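Peer 1: Heads up, here are the entries from Swiss-Prot:
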BINDING   His22, His108, Tyr197  Cu(2+) binding site
CARBOHYD  Asn81  N-linked glycosylation site
CARBOHYD  Asn160  N-linked glycosylation site
REGION    275-320  region 'Disordered'
SIGNAL    1-21  signal peptide
Amino acid sequence: MRHVQSASLLTALLSATKVAAHGHVSNIVINGVYYEGFDINSFPYMGENAPTVAAWTTPNTGNGPLAPDDYSSPDIICHQNATAGKGYVEVNAGDRISLQWTPWPESHHGPVVDYLARCEPNCASVDKTSLEFFKIDGVGIVDGSSVPGVWGDDQLIKNNNTWLVEIPKSIAPGYYVLRHELIALHSAGTEGGAQNYPSCFNLKVNGDGTDKPAGVVGTELYTPTGDGIIFNIYQTVSSYPVPGPTLYTGAATGVTQATSAITSTGTALTVGAAATTPASGSGASSSAAPSSSAAATPSRSSSAVPSSSAAPSSSAAASR
């Protein structure tokens, strides 16, 4: 009995260690408008009373990762047992979206990858296994001259745990799922060691583009032994193959990471509700930082907003 209790305790401790220091996207900012994400600390316990948000929901309250064993599971699409957000937010093609993470551990080096998948007729009722994702951003190794190097997520940390991604100007208007992901490689030197942290948001893209890029279903984005999944970061790195399909030809590369000034707080829309077109703009300022008087402060203490002390990081070209 003592042996069983000790084994159970060890398992519990290992599980706690696994999920203790990871993260999730707490909010997004589009053209200065702050939109709350899925709050893992409260929403799962609120049932139908949880606010309507564009973020996909997940019972993963421990902030834990997905493993390569999950790549063929629907969990890899938008995280563990994720269901579509009930709302959506509007964005103009060519605008930039700032995604705010909870503090990301500095040891978890790896790429930042973003995808879009078109939803028809909308994203709130979409079958996630039918979504076909095309890559619009992928930043891997930025500077490999020292070990373990400077990676995409190191730029995210430097930029107050935020990431800017640009919605391609050339895509056709309509409803899309934005799939944003960090892949931690600190244990990826052997098979099964990579850690994936996907988050999804429902968008309605406005514009006059016509492209409808072909995509890949989420369960076929990666393989456990694919390029960039098994990778030893504890060596001098001259190049790195960002996992996933080839970058969409219309994607904006080399987006300079910068904080987004918050000017107001927005609420996700639902299909059929009156909508307004977001103001034109890049959605980010390389020098402006949020001030305490610039916007209504979100009431949830768990929803982090970009810090005024975050400095813009250097530009990094998207890797293929």
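Any Cβ shown, glycine's included, is placed from N, Cα and C.
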Peer 1: Between Asn81 (N-linked glycosylation site) and Tyr197 (Cu(2+) binding site), how far is it from one CA atom to the other, in Å?
Peer 2: 13
Peer 1: Let me check the 10 A CB neighbour count of His22 (Cu(2+) binding site). How many other CB atoms are there?
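Peer 2: Around the Cβ of His22 (Cu(2+) binding site), 21 other Cβ atoms lie within 10 Å.
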Peer 1: In terms of Cα spacing, which of the binding-site residues His22, His108, Tyr197 are within 10 angstroms of Asn160 (N-linked glycosylation site)?
Peer 2: none
Peer 1: Validating a neighbour-count step here. Other CB atoms within 10 A of the CB of Asn160 (N-linked glycosylation site): how many?
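Peer 2: Neighbour count, Cβ to Cβ under the 10 Å cut-off: 25.
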Peer 1: Can you tell me how many other Cβ atoms are located within 10 Å of the Cβ belonging to His108 (Cu(2+) binding site)?
Peer 2: 22
Peer 1: Give me the count of other Cβ atoms within 10 A of the Cβ belonging to Tyr197 (Cu(2+) binding site).
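Peer 2: Excluding its own Cβ, Tyr197 (Cu(2+) binding site) sees 24 Cβ atoms within 10 Å.
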Peer 1: So, in DSSP terms, is His108 (Cu(2+) binding site) helix, strand, or coil?
Peer 2: coil
